[in-house]
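**Q** Not my notes, these are from Swiss-Prot:
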- ASP205: active site, proton donor (ACT_SITE)
- HIS5, GLU180, MET181, GLU182, SER204, ASP205: purine D-ribonucleoside binding site (BINDING)
- GLY21, ARG25, ARG44, ARG88, VAL89, GLY90, SER91: phosphate binding site (BINDING)
- LYS27: N6-acetyllysine (MOD_RES)
- ARG218: site 'Important for catalytic activity' (SITE)
Amino acid sequence: MATPHINAEMGDFADVVLMPGDPLRAKYIAETFLEDAREVNNVRGMLGFTGTYKGRKISVMGHGMGIPSCSIYTKELITDFGVKKIIRVGSCGAVLPHVKLRDVVIGMGACTDSKVNRIRFKDHDFAAIADFDMVRNAVDAAKALGVDARVGNLFSADLFYSPDGEMFDVMEKYGILGVEMEAAGIYGVAAEFGAKALTICTVSDHIRTHEQTTAAERQTTFNDMIKIALESVLLGNKE
């Protein structure tokens, strides 16, 4: 049954959904990587599609920017449409010197300055982590594809334009691989509602050096990330 934010019916979504922030990227993934893809959501322009990848039913849908937006969509997908696994595929900024542009980062865990997980966890710290099997499958998929993916912690920020530059020093000290805006929220939603989740990001800019990828470079590396996500789903079928 349709929700306020998703005009689909039960069965329209696969049990696994890839989620970029940008709905147009969801459309690109569906058109480029899925066979027989059909649109299953268009409320507020947040496009969603379902098709098959090498015979495996998979869905893809945008989640917007920030934890509040992605939390709405992931919650409804899990509780109203029977989705079991969420894979966020997006971009992140690097702070560590050895993390370079176009690197692929697999988010084993996600720190955050948001209070959403404290709200749901009775004001205690919640360890926002990805599902272990999904992490392992993504690592194995990356190796099979010849992509040298990094695995570690992300930082999910509430502010894109942060006024606290010193926080990047703290992130570097604690070995944060990438800064983005959603992973911790998605991991919290998955834990609350009994689903599994993973975030895979491509480094699109370096916060320290101010380097940025070009549109063409982003697209090429983005494709590597999507292939890792899709192949990891196939590996999950063998569990």
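Glycine is no exception: its Cβ is also placed from the backbone N, Cα and C atoms.
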**Q** By a 10 A CB contact count over all chains shown, which of the recorded positions listed here is most packed: LYS27, ARG44, ARG88?
**A** ARG88
**Q** How many Å separate the Cα atoms of ARG218 (site 'Important for catalytic activity') and GLY90 (phosphate binding site)?
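**A** With distance taken Cα to Cα, GLY90 (phosphate binding site) is 10 Å from ARG218 (site 'Important for catalytic activity').
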**Q** For the phosphate binding residues given in the record (GLY21, ARG25, ARG44, ARG88, VAL89, GLY90, SER91), what is the largest pairwise C-alpha separation in angstrom?
**A** 22
**Q** Using a 10 Å radius around each Cβ and all protein chains in view, which of these recorded positions has the most neighbours: HIS5, ARG25, ARG218?
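**A** That would be ARG25, with the most Cβ atoms nearby.
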**Q** Around GLY21 (phosphate binding site), which of the listed recorded positions (LYS27, GLU182, SER204) come within 10 Å, judging by Cα atoms?
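**A** Neighbours among recorded positions, in sequence order: GLU182.
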**Q** Please tell me which one of the recorded positions listed here (HIS5, GLU180, GLU182, SER204, ASP205) sits closest to ARG88 (phosphate binding site), measuring Cα to Cα?
**A** GLU182
**Q** If we check Cα distances from ARG25 (phosphate binding site), which of the recorded positions HIS5, GLU182, ASP205 wins as closest?
**A** GLU182
**Q** Record lists HIS5, GLU180, MET181, GLU182, SER204, ASP205 as binding purine D-ribonucleoside; longest Cα-Cα distance in Å?
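**A** Result: 31 Å between the two most distant Cα atoms.
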**Q** To the nearest whole angstrom, what is the C-alpha distance linking SER91 (phosphate binding site) and GLU180 (purine D-ribonucleoside binding site)?
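**A** With the alpha carbons as reference points, the distance is 7 Å.
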**Q** How many Å separate the Cα atoms of LYS27 (N6-acetyllysine) and ARG44 (phosphate binding site)?
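**A** Given the Cα positions, LYS27 (N6-acetyllysine) is 14 Å from ARG44 (phosphate binding site).
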**Q** Per DSSP, HIS5 (purine D-ribonucleoside binding site) is which: helix, strand or coil?
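**A** The three-state answer is coil.
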**Q** Let's check the environment of GLY90 (phosphate binding site): how many other CB atoms sit within 10 Å of its CB?
**A** 25
